[in-house]
Amino acid sequence: YIPPLIWGKSGHIQTALYGKMGRVRSPHPYGHRKFITMSDGATSTFDLFEPLAEHCVGDDITMVICPGIANHSEKQYIRTFVDYAQKNGYRCAVLNHLGALPNIELTSPRMFTYGCTWEFGAMVNYIKKTYPLTQLVVVGFSLGGNIVCKYLGETQANQEKVLCCVSVCQGYSALRAQETFMQWDQCRRFYNFLMADNMKKIILSHRQALFGDHVKKPQSLEDTDLSRLYTATSLMQIDDNVMRKFHGYNSLKEYYEEESCMRYLHRIYVPLMLVNAADDPLVHESLLTIPKSLSEKRENVMFVLPLHGGHLGFFEGSVLFPEPLTWMDKLVVEYANAICQWERNKSQCSDTELVEADLE
């Protein structure tokens, strides 16, 4: 990865550009929005984008994509990636996190949380049912990386028809990350405040659905939690006062332990690529020992750690102005292409061996 000459080696600038702009000159892929009613009455949505070219191996392959915290299919970095994947022959299904779309109301007293895989699982099941011949490439960005890895590790059945999984810029363990996220080195405490402020705005935009008098709230969720939400200055305070209570966790420690993908990673048997940047100001270097150790023990795991890229940045360009397509976008598609080709060659080799055995 070669970052832009003047500013590309700053993880803060890369992260700020991603956070402020998402991408530059983003395309506008056309998709269809699908609605799924969950068992608790929540309405999950995802956007479906059909491929714009034939895939390099000629197969029907769908990328099931989980965006970052409070993100959805209309975010610019998602649009850019989807457009590139479509042009490489992939169908794309992009989850819209519950409560993240401003024009979609909540229909139950619950919104997306750190490790809840229910909506992502519902989207995957829809794709498997609607396209029975398709194979899946699973992709998660930031918080979405935690969700997709946890989903795959929850049960072996979730890995059926999955060719590979790619996780980009996640932290692997919220329990281990919470202390580092309160530290001021690399300005992590400031990023924490900004992300918490954004989360507060999203929660408060749904205050009637979550805290209204007519709502049958979780027993542990009280009106006093709403007042604590107003004064929260970190994601951990929001998770402790509100988010964990959607799922009935007794403590923040229990919530983070159960919802982090770290305890599920060793149960993933499909090819798995974990991508982080060494200068990501949101992910402390101590957390990178998790993917590094896993990749040393498991043959199916590849850990990719460029020196630069920030958090979901990975911009490319000559001097000042970055290209709309990033190194990350190309890396994910090229890895998926390689795995698809490998699977095709493997099946062809197996067929040849069967024919030779029959001849003998």
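Placement of Cβ uses the backbone N, Cα and C atoms for every residue, glycine included.
For SER142 (among others), the entry in TrEMBL reads active site, charge relay system. Around the Cβ of SER142 (active site, charge relay system), the same chain contributes PRO67, GLY68, ILE69, VAL168, CYS169, GLN170, HIS311, LEU312, each under 8 angstroms and 6 or more positions distant in sequence.
Per TrEMBL, active site, charge relay system is recorded for ASP280 (among others).
For HIS311 (active site, charge relay system), the count of additional Cβ atoms within 10 Å of its Cβ stands at 25 [all protein chains shown]. As annotated by TrEMBL, active site, charge relay system applies to HIS311 (among others).
TrEMBL lists 62-317 with the feature domain 'AB hydrolase-1'.
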**Request:** Restricting to the domain 'AB hydrolase-1' (62-317), report the mean pLDDT as a whole number.
**Result:** 94
**Request:** Tell me the Cβ neighbour count for ASP280 (active site, charge relay system), meaning other Cβ atoms within 10 Å of its Cβ, over all protein chains shown.
**Result:** 25
